[in-house]
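Quick look at what TrEMBL annotates:
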type	residues	note
DOMAIN	11-131	domain 'GtrA/DPMS transmembrane'
TRANSMEM	12-31	transmembrane segment
TRANSMEM	37-56	transmembrane segment
TRANSMEM	68-89	transmembrane segment
DOMAIN	176-306	domain 'Alpha-D-phosphohexomutase alpha/beta/alpha'
DOMAIN	350-435	domain 'Alpha-D-phosphohexomutase alpha/beta/alpha'
DOMAIN	448-565	domain 'Alpha-D-phosphohexomutase alpha/beta/alpha'
DOMAIN	617-663	domain 'Alpha-D-phosphohexomutase C-terminal'
Amino acid sequence: MKGLRDSSLVKFIWVGVINTLAGTAIMFGLYNLAGCSYWISSAANYFFASILSYWLNKRFTFGHRGHVLQSGIRFALNIGVCYGIAYGAARPLAEQLLAQSPLSLRENAAMAAGMCIFTGLNYIGQRFFVFGEKTMDYRENYEKWLKSPYITEEERTLLREMSDEEAEDAFYKNAEFGTAGMRGKMGLGTNRLNRYTVRMASMGLAHLLGKGARVAVAYDTRNSSKDFAVEAARVLAEAGIKAYIFDRYSPVPLLSFTVREMNCDGGIVITASHNTREYNGFKVYDSTGCQLSPEKAGIIAAFMEDMKESLNIPVCRSMENENIEYIGEEIVERFLEAVEKCSAGADKKLCGELKVVYTPLHGSGRDYVLETLRRAGFKDVKTVREQSEFDGDFPTVRKPNPEEKEALSMAGDLLLAQRGDILIGTDPDSDRIGVGVRTGDNIRYLTGNETGILLVDFLARMKGGAGKKLVTTIVTSQMSSVIAESYGTEVIKTLTGFKFIGGEINKIDDKDLLMGYEESYGYLVGPHARDKDGISAALVICQMAAWYKEKGKTLEDALNELYEKHGHWIDRQESFVFEGSEGEKKIKDIMASLEKEGERLFSPAGNIERVLDYNKGIEGLAPSNVLKYFFDNGSWLAVRPSGTEPKIKFYYSIKGDDQAAALDMCKKIEKSVHDIAEY
């Protein structure tokens, strides 16, 4: 009953006093002076007073910042129900108690009693139904931080400068910790990445691993990444855990490799991958170098949720601590040697003739990719100078995401100017890679699936596919499976996320792995790590381009040959961003709607043969919020909310008798998707 005893009750009473003065004057005036009936008089009171009550309670009492339409509908429903119950009960009660009194006295008494009953019911309804969703915690959390003796005066000033909307978004919930760790906007608040929430997550990991464990810590080029890594190391050290921290920007695959190589019990990378500059994240790994399983992530999340004092987590005084040690160059060299072993065997002479343009997008992959290509014999590698500077503001791009052509546009300009063959770009933590191929005076940017399809074919061709295993996901191109199986390669499908791919690779002998890949530009072409590796992928992609160049072909030519051989497929992915608490609700509403009406909504594109709801734990996989629709021609469409960003994703793998037929079906699906997402 705590919610009934907070300050909102006092504020509600003040609003009630104002409404009562206005409402009762209207009600009793209409009844006693104008001669209106009991029901008309009481209804008029609550019609006019409710408008005032809505705005005062929305802004003043409950501090609600949600959409007016949604809360307005709930408010009207609440008023109607409370009015009907209160005045419907008050009248027979007055009739029974004052049976011998005049009618006017009985009805005046009924209106007074109804008003009292209504007030109690109305408060409960507004508090928990109309304005209840995520509105009280944010004010409570905000005040707790503002009054805390543990924050600095500078931080206190920043809190005071927040608008109501900013405060709500920063405090309406705790930053969520999942299998990919924790990711969000940087800033003060429980729903932000800051030194306090990083300390909470670090303490959660310490709780999971226990005293005496060993943890490797890395960070990318984002603003505050190094500071957050230091905070994590200090928390771990104080908790009796040995923290090994890099002394320079380090990509995700290096951390995954390091955990395995140094026999650590876990790992941390401070990164938000390809998100915009205001984001950062806290990514956690287990002892195999793989992202945490849902069970282990759940232990950390539960610990963080139960943490009583989140602003006063103990940390060691300085980095000069017996439990903190810096990782030296020896590990970096071992990593580069492991990447070299991922080579597909292309001749160094051929590699030396390929003209490559590379952009690290201001990220941590720069030195590692360039050194890897140099060792493999690539002599003509041009970098985009402006994007080779480490800079967490990412000044040359809106978003440092190699999945987007816009992020690779400067590399594209350089590729055309240099008459190069291929461009590659890695994101700030260098786990993803984008590819562009020059075709005359134009550039063909490959999708994540197209690059994956080419890699599957090339690796199976060069290393032999028979008896090997391809590990991919339920939303990755169907064509990659068709190609792999044509070489005698077994295809293992997992849920979305490289944590699941890495988990399956853990079950495979190193020699039996062909590769792991997902459609979101993430590839692992060797057994040295358990997460996406844009560095080793860069090596094999460039070797593949050199191999085809020697045969007078581009990667686009190679891709077209695969379509002719294995069928015409179109693989696409669309995302729709819905931010904030209202956006979160919108995503849930879309998924709920598709569960009920998905078959009808997507039927214009073709006949749907079956639907899989992965929430039910289908095909031996853990339950996951994914819906997948299979058409009778082998095509499919999948929908899922992102686990790391405020967006919902639609994936389609479409097959046609020819490219035109596949494109026609694809357009029909796109229309249905946009109708649903933009409704």
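Keep in mind that glycine also has a Cβ here, set from the backbone N, Cα and C atoms.
Automatic, uncurated: that is what TrEMBL annotation is.
Note that the structure is a prediction, hence the values are computed from the model and not measured.
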Which sequence-distant residues neighbour the transmembrane segment (68-89)? Criterion: at least 6 residues beyond either end, Cβ under 8 Å.
39, 42-43, 46, 50, 54, 58, 110-111, 114-115, 117-118, 121-122, 125-126, 129-131, 582
Assess whether the domain 'Alpha-D-phosphohexomutase C-terminal' (617-663) lies in contact with the domain 'Alpha-D-phosphohexomutase alpha/beta/alpha' (350-435), where contact requires at least three Cβ pairs under 8 Å among residues 6 or more apart in sequence.
no
Maximum Cβ pairs under 8 Å to the domain 'Alpha-D-phosphohexomutase alpha/beta/alpha' (448-565) - stretch from the list 11-131, 176-306, 350-435:
350-435
In the predicted model, what is the mean pLDDT computed over the domain 'Alpha-D-phosphohexomutase alpha/beta/alpha' (350-435)?
97
Which residue counts does DSSP give the domain 'Alpha-D-phosphohexomutase alpha/beta/alpha' (350-435) for helix, strand and coil?
30 helix, 18 strand, 38 coil
Using DSSP, how many residues of the domain 'Alpha-D-phosphohexomutase alpha/beta/alpha' (176-306) fall into helix, strand and coil, respectively?
52 helix, 32 strand, 47 coil
Which residue counts does DSSP yield for the domain 'GtrA/DPMS transmembrane' (11-131) in the helix, strand and coil classes, in that order?
104 helix, 0 strand, 17 coil
